[in-house]
Amino acid sequence: MSEAVDYNGKITRFVLLSSVIAATGGLIFGYGTGVAGGVASMEPFLKKFFPGIYRKMNEEKETTSNYCKFDSQVLTFFTSALLISGLIATFFASPVTRALGRKASIFIGGLVFVVGSVLGGAAENVYMLIFSRLLLGIGFGFTNQSVPLYLSEMAPPQYRGAFNFGFQLCVANGGLLSSLVNYGTQKIKGGWGWRLSLALTAAPASILAISAPFLPETPNSLMQRGNQERSKKMLQKIRGTNDVQAEFDDLIAASNASETVNYPFKKILQRKYRPQLVMSVAIPFFQQVTGINLVAFYAPMLFLTIGSGVSASLMSSVFIGVAGNLTTFLSLFVVDKLGRKALFHIGGLLMFAPLMIIGGIMAAKLGDQGGLSQGYGIAILIFTCVYTAGFALSWGPLAWLVTSEIFPLEIRSAAQSINVAVSFLCTFIIAQTFLALLCHLKAALFFFFAAWVVVMTAFVYIFLPETKDVPLEKMEKIWREHWFWKRFVGDGEEYEGNKTQGP
């Protein structure tokens, strides 16, 4: 592993407050994705927008398989529409983030969030409903592209993991908040509680939109846009010291390399950027085939499938959200001590075992009709919480952290766009097909995701170098020292004849 470089500086209140506000984008992401599954399990909502599914749950429940109650492409598109618009929006966000700065993208995302959430709460037909989700996706495309970059660039290198995990902690908090809100709103008499659930996204979105123009820009972004003097002053301010010359020199070198790049999406295809390109595709792909959409989108529907009532299924989502929140908070304190790879491996084990056990229980005990006993239902809830804890410790936050820190400045915005686009595309495909797959594969679907957990854990062990304590501007060393990737990076003109022998 490349040696760590010590820069002067500490965590200042200025940078901490700025990062907390920026990470609110994660709160909106967690709430926006989590709220849909709970709303989609509420009877008044289904009766208004999806009467066919409402009939399956009530009038035709004796003839409909447990696994097929929610099999509707329109319903799944309601939950996943934001992903396809987010995929497209992230490529528009990339030039904005590069040319206008990180906080410009954050502001645009917050503004679109407000409009989308208000429209969702006021929806009178399925078209308004889906259009509101598409708008939310545009907001996600901008904030998910810019916020992880903002956090990584503002944080001192030795605390970068904890800062970036703040984004995932906000995602987890947003998911938990959506579960609590759904549990409360489904009890509102009159059947309009789902409107409040959807509209409440506007609250954190308004905070983000109002605060974004007042956020400081990152030194990296200022340098990239030619403001060298402002960049140094900002670096001194966020590090709390005037002695930042070592870090500033590395920032200048990275910026000089960035200035030679006019077409970053073409540049990233070059051989010397092969490891970054592979990681920008593989890591978000693997994050989604963990099966996390079992929880993020469809946990309430899943517990209705095994026989829980609406209220009980929404409360189950609250327990799952608490488990994810606590583990994400714990990971803040260990990611910069244990390292990224150790958490990936621990998380892989904590996800694999519960998926196998849940699949086994459902295969052995849940038929096409009826439900599970209370004991088995509680067991599935417990193992779902363990699975969620494993994800929250590893692939949840690390997928955003690692991909935000491994890209050199000259391709950073483009690479992050690819990362977000692949994440949204894979999430959309899995979310759109999950209920149909559940209907056809039944319990075997859990074994399918468990197999992917084995593959991705092995991939990390073999191909991902450790990035703990390595400054952003020194990150190229980890690839030149890696036994596999050095054959690509080492052939570049800059390093010809200077290849480092890996382990």
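Each residue's number is its place along the chain shown, starting with 1.
Any Cβ shown, glycine's included, is placed from N, Cα and C.
TrEMBL lists 18-468 with the feature domain 'Major facilitator superfamily (MFS) profile'.
The annotation transmembrane segment is assigned in TrEMBL to 12-32 (among others). Outside the transmembrane segment (12-32) by six or more residues, the chain places 82, 103, 106, 109-110, 113, 117, 136, 139-140, 143-144, 146-147, 150-151, 154-155, 163, 166-178, 200-201, 204-205, 207-208, 211-212, 215-216, 237-240 with a CB less than 8 A from a CB of the stretch.
Positions annotated as transmembrane segment by TrEMBL: 74-92 (among others).
Annotated transmembrane segment per TrEMBL: 104-123 (among others), in sequence order.
Annotated transmembrane segment per TrEMBL: 196-215 (among others), in sequence order. With a cut-off of 8 Å between Cβ atoms, the residues of this chain six or more beyond the transmembrane segment (196-215) that come close are 18, 21-22, 24-25, 27-28, 31-32, 35, 38-39, 103, 106-107, 109-111, 113-114, 116-118, 120-123, 132, 136, 139, 143, 150, 174, 178, 181-182, 185, 188.
Residues or ranges marked as transmembrane segment by TrEMBL: 277-299 (among others).
If you look at the transmembrane segment (311-335), the same-chain residues 6 or more away from its ends with a CB under 8 A from one of its CBs are 34, 37-38, 41, 161-162, 165-166, 168-169, 171-173, 175-180, 182-183, 186-187, 295, 299-304, 343, 381, 384-386, 388-394, 396-398, 401, 468. Per TrEMBL, transmembrane segment is recorded for 311-335 (among others).
What TrEMBL records for 342-364 (among others) is transmembrane segment.
Feature annotation from TrEMBL assigns transmembrane segment to 376-402 (among others). Within the chain carrying the transmembrane segment (376-402), a Cβ under 8 angstroms from the stretch's Cβ atoms is held by residues 148, 152, 160-161, 164-165, 167-169, 171-172, 279, 283-284, 286-287, 290, 292, 294-295, 299, 303, 306-308, 316, 319-320, 323-328, 330-331, 335, 340, 343-344, 346-351, 353-355, 357-358, 361-362, 365, 423, 456, 464, 467, all 6 or more beyond its ends.
Marked as transmembrane segment by TrEMBL: 414-438 (among others).
TrEMBL lists 444-464 (among others) with the feature transmembrane segment.
Distant neighbours of the transmembrane segment (74-92): 32-33, 36-37, 40, 49-50, 53, 126, 129-130, 133-142, 144-145, 297-298, 417, 420-421, 424-425, 427-428, 431-436; these residues of the same chain sit at least 6 beyond its ends, with a Cβ under 8 Å from one of its Cβ atoms. Outside the transmembrane segment (104-123) by six or more residues, the chain places 22, 25, 28, 32, 93, 96-97, 129, 131-136, 138-143, 145-147, 150, 195-196, 198-202, 205-210, 212-213, 215 with a CB less than 8 A from a CB of the stretch.
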